[in-house]
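So that you can see what the record holds, here are the features copied from TrEMBL:
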type: COMPBIAS; residues: 1-10; note: compositional bias 'Basic and acidic residues'
type: DOMAIN; residues: 115-252; note: domain 'Peptidase S54 rhomboid'
type: REGION; residues: 1-24; note: region 'Disordered'
type: TRANSMEM; residues: 41-60; note: transmembrane segment
type: TRANSMEM; residues: 124-145; note: transmembrane segment
type: TRANSMEM; residues: 157-175; note: transmembrane segment
type: TRANSMEM; residues: 181-202; note: transmembrane segment
type: TRANSMEM; residues: 209-228; note: transmembrane segment
type: TRANSMEM; residues: 234-252; note: transmembrane segment
type: TRANSMEM; residues: 280-302; note: transmembrane segment
Amino acid sequence: MARQDIESREVAGGVAKNRGSTSFSSSSYVIEDTETQWTSWLVPMFVVANIAVFVVVMYINNCPKHNDGLQGKCVARFLERFSFQPLRENPLFGPSAATLEKMGALESTKVVNKHQAWRLITCIWLHAGVFHLIANMLCLVFIGIRLEQQFGFVRIGVIYVVSGLGGSVLSSLFIQNNISVGASGALFGLLGAMLSELFTNWTIYTNKAAALITLLVIIAINLGIGILPHVNNFAHVGGFFTGFLLGFVLLPRPKYGWLEQRNLPGGGVGLRSKYNTYQYLLWIVSAVLLIAGFTVALVMLFRGENANSRCHWCHYLNCVPTSRWKCD
C-alpha cells in the first residue's frame, strides 16, 4: 500500500500461555485465595468490534466499483463488494488506502490542520487487511483475556485504549507523510503493563528471573519487527511506554497476607499498609511521567511540530535501511 504505514502484523503469537503477569504459569507467583478472579468479556468484545469494523470498511471499499484497474484486478471477486484490493496495491488482502483514510486512519496533517483529533482513537480499530486483523486479534486474545481475568475489565480496558492513544500521538509526531492503522500500539501497551506489573509485584513471584527474561525476549523480538519497512514502530514504542507506566499505576497487588489480615475478627484493627513503600513511589513517579508526557506530546502535536527536527536519529527506531530494503 503506497501511502500506508502498517503497524506490526503480530505481537508474539505465543506470548500468552498462562499468565503469571507475563503469561507464565500461575505457579510462578503466589495468589491468595481471597483474590477476585474476573470473567473476561471486554477483550472478546474488542475482538468482535474490530472484526465488525473491518467488515464495514470492506463493504464501503467496494473494490469492483472503485478499482480503476491500474494495479490489477480485485482479489476474490466472488465476494463481490467485499472483495479485496489488487495484491500489488494491498498484499494483506484488505481495502484501499483511500478507504482507510476516509474511515478514520491516522494522518498527522488532518489531525493538526483539520482538527480531526478523533483519528488518534479511530485508527486503533482499523486494520489494513485480513492478515493484519487476524494477527492482532490472536495476540489480543492471548494477552488480554488472562490480564482481564486477573485485573478486571476496567483497568485492562483503560490500559488498552490509553496505550493506543499514546502510540497514535507519538506516531503523529514522527510520521507526517503517511497514514497508519492498527491495534498494535494498544497491544504493546498490554505488553508494557505486563512488564511493569512484574516489577511492581516483584515480591510475590517465585521464578522472577525466568519471568523477566522471557518477557524481555518477547518484547525485544516484537520491537525488532518494527524496524522493517511499512511497520509503524513509533506506535509500538509509544504504546509500550504508555502501558508500562500505566501498569505501575493500575496493576499493583496488595502485600501478601494483607487480604487475610483484613478479614480477621475485629475488622483488621491495626491493619498494616496495603502496598509496599516502593509500590507507592512507583505509582507517583509513573503518574507524573504519564501526565507530563501526554501534555508535552499533545502540545507539540497541535502546534504542528515535527519531532524529527528535535531527534535526528529517532527515525532509525521506525525503520533501519539495509541492502535489501529502503525506508523511503
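Using the three backbone atoms N, Cα and C, a Cβ is placed for every residue, glycine included.
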Recorded stretch, among 41-60, 124-145, 157-175, 280-302, maximising Cβ pairs under 8 Å relative to the transmembrane segment (234-252): 157-175
Positions whose Cβ lies under 8 angstroms from the transmembrane segment (157-175), at least six residues beyond its ends: 5, 7, 42, 46, 106, 108, 111-112, 119-121, 123-124, 144, 183-186, 188-190, 192-193, 232, 234-243, 246-247, 250, 293-294, 297-298, 300-301, 305-308, 314-315, 318
Helix, strand and coil totals (DSSP H, G, I; E, B; other) for the domain 'Peptidase S54 rhomboid' (115-252): 107 helix, 5 strand, 26 coil
Mean of pLDDT values spanning the domain 'Peptidase S54 rhomboid' (115-252): 93
